[in-house]
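Engineer: Before we start, here is the structure in question, set down as structure tokens.
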Amino acid sequence: CLKTLSVFLAAFAAADARAVFKTQGHKNSEMIPDNYIVVMKDGVSQDDFKAHVSSVASIHSTNKAKRGTNTEGMKREFDIMNWRGYHGHFDRDTLEEILNDSKVDYVEQDQVVRISGLVTQRGAPSWGLGRVSHRQAGSRDYVFDDSAGRGVTIYGVDTGIDINHQDFRGRARWGTNTADRDNADRHGHGTHTASTFAGTAYGIAKNANIVAVKVLSSDGSGSTSGIIAGINYCVQDAQQRGILGKAAMNLSLGGGFSQANNDAVTRAQNAGIFVAVAAGNDNRDARNYSPASAPAVCTVASSTINDSKSSFSNWGPVVDIYAPGSDIIAARPGGGSTTMSGTSMASPHVAGMGAYMIGLGADPRSLCDRLKQLATPAIRNPGSSTTNRLLYNG
């Protein structure tokens with residue numbers, strides 16, 4: 001049980017173990033038993049990393065044979081611009097060996113991550129595009145430069161995307177799947193967010209390219225390790241295609257605080273991918289959520305058509321900007337459209353705006369600050385210690 005695990009790990013700390021076991025999440029976090037994310041220290045070479053992984057695999061195999069456990073061992077490796085680590089299913093003896101390796105920086109327990117909430121209201125009007133292109137509320141016209149993100153790629157890290165939907169006009173492609181064996185968006189969340197950031201009819205960056213990165217299953221849930229694997233894919237894909245500096249990423253998802261999740265999105269942002277993330281939908285301080293609490297990324301809260309904070313939206317000093325998130329209409333899998341609400345809907349407005357601005361020459365690394373400068377100070381009751389600035393395309 002988690003209580004026993006906490007005592008067990010406290011014993012490690014008392015023994016002055018070289019690596020730190022990071023406590024993360026909040027009281028409602030859903031931990032995945034015996035699953036761990038291991039992060040190596042900066043400067044550990046590729047050769048040393050491979051040697052460590054091989055050693056851990058051997059230790060796990062020995063311990064499994066000795067004790068007859070059903071642990072699976074090493075599951076996946078990460079390398080995001082030399083930020084190296086892995087995810088595995090290990091027994092306590094193997095975990096102790098990992099924590100005592102001087103090359104390991106920290107270990108944290110894997111946890112469940114979910115889409116950042118949604119409410120569906122069929123037939124509600126669409127208003128977000130008009131709002132982010134006017135200083136005053138009320139316009140239904142979306143005014144934008146016709147470049148509209150041309151030459152920029154947006155990675156949708158979500159439940160998958162219906163890449164054949166008519167709203168994408170052939171600009172969407174499949175990337176990878178770290179969630180399950182079904183490369184379809186059975187939920188609809190990922191298709192909706194992609195349509196918001198780059199749909200022809202419903203999107204901000206109407207000419208941007210779209211990549212489907214499935215990290216959440218049909219019930220809208222996944223794991224921190226799966227999210228990191230998806231981010232790892234995005235950075236490596238952008239690097240291989242030579243589009244670092246011409247790419248954005250949207251993560252309309254979240255879980256309890258995770259240093260590994262925050263470190264992964266920070267590496268992606270620093271590599272030259274503009275990262276927009278949902279603040280979360282619990283009407284709580286976003287500092288307790290990841291990746292929303294990562295300082296390097298653009299954390300987005302949700303606003304209503306009346307320029308008020310959406311009742312569900314998280315808030316706090318880590319929020320960078322507000323964007324429309326209540327009653328947003330966009331594409332659904334199989335054709336047509338539907339309406340959803342959530343910070344999940346606000347974040348892709350910012351991801352799309354990021355791609356739009358990158359297409360006009362903006363640097364992804366400083367883009368969140370630029371968006372905050374352009375934003376309209378319009379939000380009523382934004383929340384304690386929270387910005388009142390609403391996304392605007394300048």
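Counting begins at 1 with the first residue displayed.
Even glycines carry a Cβ here, placed using N, Cα and C.
Note that this is a predicted model, so its numbers are computed, not measured.
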Engineer: Look through Asn288, Asn306 and state which residue has the annotation N-linked glycosylation site in Swiss-Prot.
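Structural biologist: Matching Asn288, Asn306 against Swiss-Prot annotations yields Asn306.
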Engineer: Highest Cβ count within 10 Å among the glycosylation sites Asn250, Asn306: which residue is it?
Structural biologist: Asn250
Engineer: Do any of Asn100, His189, Asn306 (recorded positions) have a CA within 10 A of Ser344 (active site, charge relay system), and if so which?
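Structural biologist: Within 10 Å of Ser344 (active site, charge relay system): His189.
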Engineer: Measuring Cα to Cα, how many angstrom lie between Asn100 (N-linked glycosylation site) and Asn250 (N-linked glycosylation site)?
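Structural biologist: The separation of the Cα atoms works out to 36 Å.
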Engineer: Same chain only, sequence gap of 6 or more: which residues have a CB within under 8 Å of the CB of Asp158 (active site, charge relay system)?
Structural biologist: Ile115, Asp185, His189, Gly190, Thr193, Ala194, Ala212, Val213, Lys214, Val215, Leu216, Asn250, Leu251, Ser252, Leu253
Engineer: Please work out the helix, strand and coil residue numbers for the domain 'Inhibitor I9' (36-115) from the DSSP assignment.
Structural biologist: 30 helix, 32 strand, 18 coil
Engineer: Tell me the Cβ neighbour count for Ser344 (active site, charge relay system), meaning other Cβ atoms within 10 Å of its Cβ, over all protein chains shown.
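Structural biologist: Result for Ser344 (active site, charge relay system): 33 other Cβ atoms within 10 Å.
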Engineer: For Asn306 (N-linked glycosylation site), what is the secondary structure by DSSP, using just helix, strand and coil?
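Structural biologist: It is coil.
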